[in-house]
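Peer 1: What Swiss-Prot records for S157, A158, H159, Q160, R179, Q186, H187, Y188, Q193, L194, E195, E287, F312 is substrate binding site. Annotation comment: Swiss-Prot describes K202 as N6-acetyllysine. Here Swiss-Prot flags 358-450 as domain 'FDX-ACB'.
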Amino acid sequence: MVGSALRRGAHAYVYLVSKASHISRGHQHQAWGSRPPAAECATQRAPGSVVELLGKSYPQDDHSNLTRKVLTRVGRNLHNQQHHPLWLIKERVKEHFYKQYVGRFGTPLFSVYDNLSPVVTTWQNFDSLLIPADHPSRKKGDNYYLNRTHMLRAHTSAHQWDLLHAGLDAFLVVGDVYRRDQIDSQHYPIFHQLEAVRLFSKHELFAGIKDGESLQLFEQSSRSAHKQETHTMEAVKLVEFDLKQTLTRLMAHLFGDELEIRWVDCYFPFTHPSFEMEINFHGEWLEVLGCGVMEQQLVNSAGAQDRIGWAFGLGLERLAMILYDIPDIRLFWCEDERFLKQFCVSNINQKVKFQPLSKYPAVINDISFWLPSENYAENDFYDLVRTIGGDLVEKVDLIDKFVHPKTHKTSHCYRITYRHMERTLSQREVRHIHQALQEAAVQLLGVEGRF
């Protein structure tokens, strides 16, 4: 893994810093093309050191894997920057909920939390949501850990338990989330989610239902594909209906009343039954969110034993890319006025169609290497590519796998597409970056180069 390799070869930092400094000279375009500051090439700190983040100190240990590239993004809060496309989506959803769901005194039923710290405990991110200790979503290769006890949240669901425990029963949470992932136009290590939760008391759920006073929220039975063991079928079906109706109205508000929707059964550790919503957009079915009836064990542990509820989570980038026809997720981090001014509208519901910036030519280079005998994770390589290449890297494709018939060693060949969003890249500058990546892969990942 990157961490163990760094601890074995800390001297490699000095070389990479020197190399990166050479590459970055003469590149002054801060929005997209400049190499990160030289120190950012050191992807982790050794155990015993401390990382300062958002005014707090976090001791490093063998679980720490937060890259400096990601650290520079923490606190940007794109969803709170006025007229940013992610802010527009958030405001449209918030406006819809404020208008459609009103409490007894005319105030909004749903409260909104859009400035919660992205640093959470592993208990908040996993255990509070009933995610098993051996669940693959906990893997170091998929998350950004500050240390064994703290991490950058992988989903806004990490705040569900705390808000329920505080006595809230209807709320939206919006924030940046962090996951180690592949590199292409649809994936970025930081993206933004909007989470919603609503709980119902027996009176609230069955109000207006004929003979509703005789119905119950809970029973002791067996779990099935349609309900949890503690829920009555009547309660589950009403919660499911309210959830799907709420989301159908939201999507109609965003995309128009003629939108075609379908529901797909799925699995999440913290809801059952669980669903994904797909929309038919220009003839293509697109998955836009996940949702379900909240696991009663989670609700009970937060102190709301007399209530049943639903939850959903959607990606703001996903919706914005569909609604505004934005082709590349990197654009959300662009500071180019040609991008941002397209979303400076007086009415948040005004239709916007993104006008592409000039498409500069790509520079494509391949990298091949033999994998180490153990501890290689593909997301470690992707993280290294992002750290060395920054936002110049448009995508990375694994184009070939080969197992040597005699040594049984495995070789990977990746095709890396470099493209600047604001100017043409030269072969020379890409060659310097690519060479630094090759050397970093050998020294930090323990691979054997085939270049």
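Even glycines carry a Cβ here, placed using N, Cα and C.
Not measured: the values here are computed from a predicted model.
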Peer 1: Tell me which of the binding-site residues S157, Q193 sits in the most Cβ-dense spot, judged by other Cβ atoms within 10 Å.
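Peer 2: By the 10 Å Cβ neighbour count, S157 comes out on top.
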Peer 1: Considering each pair of residues in S157, A158, H159, Q160, R179, Q186, H187, Y188, Q193, L194, E195, E287, F312, all listed as binding substrate, report the largest CA to CA distance in Å, no decimals.
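Peer 2: Across S157, A158, H159, Q160, R179, Q186, H187, Y188, Q193, L194, E195, E287, F312, the widest Cα separation comes out at 27 Å.
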Peer 1: Using DSSP reduced to three states, classify E195 (substrate binding site) as helix, strand or coil.
Peer 2: strand
Peer 1: Near the Cβ of F312 (substrate binding site), how many other Cβ atoms are there if near means within 10 Å?
Peer 2: 21
Peer 1: Please report the Cα separation of E195 (substrate binding site) and K202 (N6-acetyllysine) in Å, rounded to an integer.
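Peer 2: Pair distance, Cα basis, whole Å: 24 Å.
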Peer 1: Secondary structure at K202 (N6-acetyllysine) (DSSP, helix/strand/coil)?
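Peer 2: The three-state answer is helix.
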Peer 1: Cα distance, the residue listed as 'N6-acetyllysine' to H187 (substrate binding site), nearest Å?
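Peer 2: For H187 (substrate binding site) versus the residue listed as 'N6-acetyllysine', the Cα atoms are 42 Å apart.
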Peer 1: Sequence gap of 6 or more, C-beta under 8 Å: which same-chain residues meet both conditions with respect to H159 (substrate binding site)?
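Peer 2: Those within reach of H159 (substrate binding site), by Cβ under 8 Å and sequence separation of 6 or more, are Y113, L116, V120, Q124, R153, V173, E195.
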